[in-house]
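The following features are taken from TrEMBL:
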| type | residues | note |
| --- | --- | --- |
| TRANSMEM | 15-34 | transmembrane segment |
| DOMAIN | 20-305 | domain 'Sugar phosphate transporter' |
| TRANSMEM | 46-71 | transmembrane segment |
| TRANSMEM | 83-101 | transmembrane segment |
| TRANSMEM | 141-158 | transmembrane segment |
| TRANSMEM | 164-188 | transmembrane segment |
| TRANSMEM | 200-219 | transmembrane segment |
| TRANSMEM | 234-254 | transmembrane segment |
| TRANSMEM | 261-282 | transmembrane segment |
| TRANSMEM | 288-307 | transmembrane segment |
| REGION | 322-353 | region 'Disordered' |
Amino acid sequence: MGIGGISEVVLKKIILSYTYVSIWIFLSFTVIVYNKYILDRKMYNWPYPISLTMIHMGFCSSLAYLLVRVFKLVEPVSMSWDLYFKSVVPIGLLYAVSLWLSNSAYIYLSVSFIQMLKALMPVAVYSIGILFKKEQFKTNVMANMLSISVGVAIAAYGEAKFDPWGVILQLGAVAFEATRLVMIQILLNSKGITLNPITSLYYVAPCCLVFLTVPWMVVEYPLLMETSSFRLDFFIFGTNSFCAFALNLAVFLLVGKTSALTMNVAGVVKDWLLIAFSWSVIKDAITSMNLFGYAVAFLGVCFYNHAKFVAMKAKEDEEAQRKAAQVDEEAGRLLEEKEGSDNFAAKKPESQD
């Protein structure tokens, strides 16, 4: 027996789905606020975004290696060295720059304003997709993208602590991340290779670590030596890195047990929670124009997600109909063959007479 006519199996699935969503929102929320706490000069005051990203990548690489190679909890992807260097390494470079720029933005911008700027991600992905011929230009979709851009522009105009350099860093992070997502389609998915968050860390995180070493030696290493900031608080950085890795595990569970669309919807909820937290706890100034602009962008993002869902559903229905037609055609062919053999068997005794 279930509750309100809902079977126990369905009820269990609903509870599990909400549990996965809650865990993902909590961890995503925690990582963003934790990174802000570490990097902000008015809080923990350790403004070294490249170093923090390298700590994350080193920690995640190690744990991913243990899960894939030692404990064998996740199957590795069959991949040649040639494919690795031509496909994974470029994605690793884009990911490294995206993380570097996004973490750098926390030094200059509020958590709430960063979330508002991140609403431009669908715009960037669609635009770059058109550039690389992975998306088709459609007037209605571009109008939707324009509404998101206008909303973010209004939010930026109303920002109380607008920092041009911080905005450039965050927009750069969005551009590199969007390019990475499109390149995954071109360099990996088109070749039949799909990486989940764990195998993605296993293959990509070491690349990020190597690529970040170069700017780290030039930009942050001299400053760390000068300020003696090499002495790390292992509790702070250990728990921060663990949360970053746990977030990838949560993505693995959320997408695997629900869908990517569920994660997009959960991401919208998380953004509003972060804005509320930024205003109420961190005491970031949020203006009415901020909220109005983000509300416009938010509606645009919701419409975009809805349109993607409808398109995906239509594609699934079309695929199901095509398979059903193939089954009917095959059944008809077998029936014709059977009737033909029956007729042949019936005629054979007559010829013998």
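Cβ coordinates come from backbone N, Cα and C, glycine included.
Keep in mind that what you see is a predicted model, and the values were worked out from it rather than measured.
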Contact call for the transmembrane segment (141-158) and the transmembrane segment (46-71): at least 3 Cβ pairs under 8 Å, seq gap 6+: no
Paired segments the transmembrane segment (83-101) and the transmembrane segment (200-219) in contact, 3+ CB pairs under 8 A: yes
Beyond the flanks of the transmembrane segment (200-219) by at least 6 residues, Cβ under 8 Å: 50-51, 53-54, 57-58, 60-61, 63-65, 67-68, 74, 76-77, 79, 84, 88-89, 91-93, 95-97, 99-100, 245, 248
Cβ-Cβ under 8 Å with the transmembrane segment (15-34): same-chain residues at least 6 beyond its ends: 111, 239-240, 243-244, 246-247, 250-251, 253-254, 257-258, 262-263, 266-267, 269-270, 273-274, 277
Same-chain residues at least 6 beyond the ends of the transmembrane segment (261-282) whose Cβ lies under 8 Å from its Cβ atoms: 17, 21, 24-25, 28-29, 32-33, 36, 110-112, 115-116, 118-119, 251, 254-255, 291, 294, 298, 301-302, 305, 308-309, 312
Segment-level pLDDT (mean, integer) for the domain 'Sugar phosphate transporter' (20-305): 90
